[in-house]
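Asker: According to TrEMBL, the record shows the following:
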DOMAIN    26-261  domain 'Aspartate/glutamate/uridylate kinase'
SITE      Lys30  site 'Transition state stabilizer'
BINDING   Gly65, Gly66, Arg87, Asn179  substrate binding site
SITE      Lys242  site 'Transition state stabilizer'
Amino acid sequence: MNLSPCQKASILIESLPYIKTFYNQTVVIKYGGNAMINDELKQTVIKDIALMKFVGMNPVVVHGGGPEISHMMKKLGKEPKFIDGLRVTDEETMEITEMILLGKINRQIVSLINENGIKAVGISGKDGGMIQAVQKDPKLGLVGEIKKIDTSLIDTITEKGYIPIISPIGCGENGKTYNINADEVAGRLAAALGAKKLVLITDVKGVMKDQRDTSSIISHIKTAEIRKYIEEEIIGGGMIPKIQCCFDAVTMGVERAHIIDGRKPHSILLEIFTNEGIGTMITT
Ligand SMILES: Nc1ncnc2c1ncn2[C@@H]1O[C@H](COP(=O)(O)OP(=O)(O)O)[C@@H](O)[C@H]1O
Ligand SMILES: CC(=O)N[C@@H](CCC(=O)OP(=O)(O)O)C(=O)O
């Protein structure tokens, strides 16, 4: 798209009210593994996040990486197993999970942001004892349920001008490490940080009534309707922890949660800087 200088200037001017609304506000972005499709799309997501920081917002990124964990498990001869969208995690799976999330994906995101002139710091929920967890369900092994979040490390990173990039791993009693669904971390963190918005980037247009029909997208869901959608099996699989995390975030004070399509270039900016209202919005 070739825009004239005048058109470019008017786009900037139209963004001003949004920049003002979000100035110095925290926006938690969950960047899901299924949305990390190719390098080009990754670059556009990263540039959007860098731009948010440049205009004075405080983006906090929680990343996933489920498909890469499954890929490595298979390479090592282990078959991934999920119950209600959560990975059954034995000790070896936990090691693989930490290696892929913190050792690979977190490092990649930090490098990409740094390349765009903004500095990022990569941590997991174990750093500074940030995310305290307990076992969620013995059936799931080392899958954690968040008990407590200490945001002081994130506050410090943000105050110093860096973007925190967080791997969804928590710590428990006796030095235990827990695998926590990234949506759950993002939702709870958004609430604990008093974020204005939670944005979940995934690989579908949003929540759909019928997944085979993209025009059946539900643009607004109120928390009171969520249980019905799950009971009627309209929402299933990986969408369950996603919608649950939106529920938690908005009932704990986050104004709005959005599930948006990371395959659409600049979906975060369209969500924040325009009235287009892409994806599914969740409010109380
Ligand atoms: N009603 C629904 N609308 C859209 N997607 C749904 C729905 N119910 C279940 N899903 C599934 O949820 C998936 C998104 O969750 P997940 O694969 O865990 O994504 P991510 O890796 O981004 O966290 C979709 O790809 C789709 O298969
Ligand atoms: C307990 C649990 O399921 N943890 C997730 C953590 C990563 C994640 O959530 O990645 P996505 O956002 O890409 O799905 C997992 O092991 O896959």
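Using the three backbone atoms N, Cα and C, a Cβ is placed for every residue, glycine included.
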Asker: Looking only at Arg87, Lys242, the recorded positions on record, which one has the least crowded Cβ, with the fewest other Cβ atoms within 10 Å?
Answerer: Arg87
Asker: Using the centroid of the Cβ atoms of Gly65, Gly66, Arg87, Asn179 as reference, list every other same-chain residue with Cβ within 8 Å of it (recorded substrate site), in sequence order.
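Answerer: For the substrate site, the extra neighbours are Gly33, Gly64, Ile69, Ser70, Thr89, Thr97, Ile100, Leu101, Pro168, Asn181, Ala182.
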Asker: In the predicted model, what is the mean pLDDT computed over the domain 'Aspartate/glutamate/uridylate kinase' (26-261)?
Answerer: 95
Asker: How big is the gap, in Å, between the Cα of Gly66 (substrate binding site) and that of Lys242 (site 'Transition state stabilizer'), rounded to a whole number?
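Answerer: One finds 13 Å between the Cα atoms of these residues.
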Asker: Mind telling me which of the recorded positions Lys30, Gly65, Gly66, Asn179 has the densest Cβ neighbourhood, counting other Cβ atoms within 10 Å?
Answerer: Lys30
Asker: For Asn179 (substrate binding site), name the DSSP secondary structure in the helix/strand/coil scheme.
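Answerer: Strand, per DSSP.
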Asker: Measuring Cα to Cα, tell me the gap between Lys30 (site 'Transition state stabilizer') and Asn179 (substrate binding site) in whole angstrom.
Answerer: 16
